[in-house]
Amino acid sequence: MYRSAMSDSIELQHLAEDDGDEVLRFEQPKQRCRKYPYLGLVLAALSAMFFSLCSAIVKWMSDVNPVALAAYRFIGVLLPTIPILIHQQRPCFPKGKRIMLILRSFTGTTALMLSFYAFRHMPLSDASVIVFSVPVFTSIFARMFLKEPCGWFNVFSVIVTLIGVVLITRPPMIFGNTIASLGDNGQAPEIWGAVAAFSSTLFGANAFVILRALKDVHFSVIMTNFGTFALFQCLIVAYFIGALCLPACGLDRYLIVALAVFSFLGQILLTIALQLEQAGPVAIARSTDIIYAFIWQVLFFEEVPNRFSIIGSILVMSSVILTGLRKWVLTLPFDAPARRRLRFIAKE
């Protein structure tokens, strides 16, 4: 979810993460504080941990529909944003941007609901890998709608990612009956979970492309519209499918609070990380989300991934890391040694 080039002057930049939210980046001057040179990367990794815990909570709370959980989650997104909007004295629904704001809210909300469904009905690590591949597909949609360049590297990353997704899902039409696919263990919803995860990736990539078109709109305006629209969309969907409910007393309600708190902490840490470090390295650090997902899957759910899931995850994670690395290389001066050594990855 990132731009190809950044200036060293102070500016605002909107970035999207694997769950559809915005983060606000304040680009720092050239003379940055280097007292803690890896602090931004550490905070990004901690952010990934909190977001992965949110995924684990969604999977754990099997008695509450994922759409209802998404509604509770968006309450946590909306409430802290309203005071910021009031303080900034920004128009809530600016003219000329209304359709784009609605489209951004719809795509982001749909992406999150689909990802929650995937977390519930797939192995946590497999769902996280597919959902986290959003940055790889963003370049394709940016080329289609914003006419941004899309070279061989982007095409290669998409192909590698798709191969990884195929290995994770193992569709019978490709693997036949010799290898167990998702759903062969008696859990047919896993197939629909895989469909939801991949669909979430496509919606999430489009949400970020729309965010690029809204780069001159203050983040509080986008977040307020997003949170409001998302909350109503989730409530309406939950009502019509009969999933609107208040979790039972006890652990479930504590987990609901934890879901909101972890989402907030993950967002704040990611924001600070992007203030301290460039987007490319932060994207690489955020890929630890996949590692956390494997840990929670084994620790909390006692599900050991098979070799195809591991290989597919490695392919997808490699594409995400290389995409982040490329974004970092493109921010370097043309005469920088690192850019010369990695010039092959910066070619269009």
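Each Cβ is built from the backbone N, Cα and C atoms, and glycine gets one as well.
Per TrEMBL, these features apply:
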- 38-58: transmembrane segment (TRANSMEM)
- 39-169: domain 'EamA' (DOMAIN)
- 70-87: transmembrane segment (TRANSMEM)
- 99-119: transmembrane segment (TRANSMEM)
- 125-146: transmembrane segment (TRANSMEM)
- 153-171: transmembrane segment (TRANSMEM)
- 191-214: transmembrane segment (TRANSMEM)
- 192-323: domain 'EamA' (DOMAIN)
- 221-242: transmembrane segment (TRANSMEM)
- 254-276: transmembrane segment (TRANSMEM)
- 283-301: transmembrane segment (TRANSMEM)
- 307-325: transmembrane segment (TRANSMEM)
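Segment contact holds for the transmembrane segment (221-242) and the transmembrane segment (70-87), given three or more CB pairs below 8 angstroms at sequence separation of 6 or more. Counting residues per DSSP class in helix, strand and coil order gives 108 helix, 0 strand, 23 coil for the domain 'EamA' (39-169). Against the transmembrane segment (283-301), stretch 38-58 shows more Cβ pairs under 8 Å than any other of 38-58, 153-171, 307-325. If you take every residue in the domain 'EamA' (39-169) and average the pLDDT, you get 84. Residues 17-19, 66, 69, 73, 115-116, 119-120, 124, 127-128, 255, 258-259, 262-263, 265-267, 269-270, 272-277, 281-282, 284-289, 292-293, 296, 300 of the same chain lie 6+ residues outside the transmembrane segment (38-58) yet bring a C-beta within less than 8 angstroms of a C-beta in it. Nonlocal intrachain contacts for the transmembrane segment (125-146), taken as residues 6+ away from its ends with a CB within less than 8 angstroms of a stretch CB, comprise 1-2, 16, 18, 52, 55, 115, 118-119, 154, 157-158, 161, 164-165, 168-169, 182, 193-194, 197-198, 200-202, 204-206, 208-209, 212-213, 283, 287, 289-290, 293-294, 297, 305, 309, 312-313, 316-317, 319-320, 323-324.
Residues of the same chain lying 6 or more positions beyond the ends of the transmembrane segment (153-171) and with a Cβ under 8 Å from any Cβ of it are 126, 129-130, 133, 136-137, 139-140, 143, 179-182, 191, 194, 198, 308-309, 311-316, 318-319, 322-323, 326, 345, 347-348. Helix, strand and coil counts under DSSP for the domain 'EamA' (192-323) come to 109 helix, 0 strand, 23 coil.
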